[in-house]
Amino acid sequence: SPPVCGNELLEEGEECDCDSPANCQDRCCNAATCKLTPGSQCNYGECCDQCKFKKARTVCRIARGDWNDDYCTGKSSDCPWNH
């Protein structure tokens, strides 16, 4: 089935989906188009801060046990597993 903008599910072709335009509180996401607002790189994620990717080498997951700290890449909002 085709993606439905405004259902709060990130589907194929959507960059974000923050509910209906009346209910969306996300300044990084255009609720009418389900695309990021101009100048925004992201709208969520451990490596996203105020609509921008966090800088490379920013710790996004603290070391535990035998694992090392995990760091943002500066190119994604996801925190990669580096162990």
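Note that Cβ sites are derived from N, Cα and C of the backbone, with glycine treated the same way.
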Cysteine from C51, C60 that Swiss-Prot links to C79 by a disulfide bond: C60
Second cysteine of the disulfide that Swiss-Prot assigns to C29, among C18, C42: C18
Per Swiss-Prot, the disulfide partner of C28, chosen from C5, C48, C51: C51
Close disulfide-bonded residues near C34 (disulfide bond), where close means Cα within 10 Å, chosen from C5, C18, C51: C5, C18
Among C5, C24, C34, C42, the one of these disulfide-bonded residues whose Cβ has the fewest neighbouring Cβ atoms within 10 Å: C24
Disulfide-bonded residues near C48 (disulfide bond) (Cα-Cα within 10 Å), from C18, C24, C72: C72
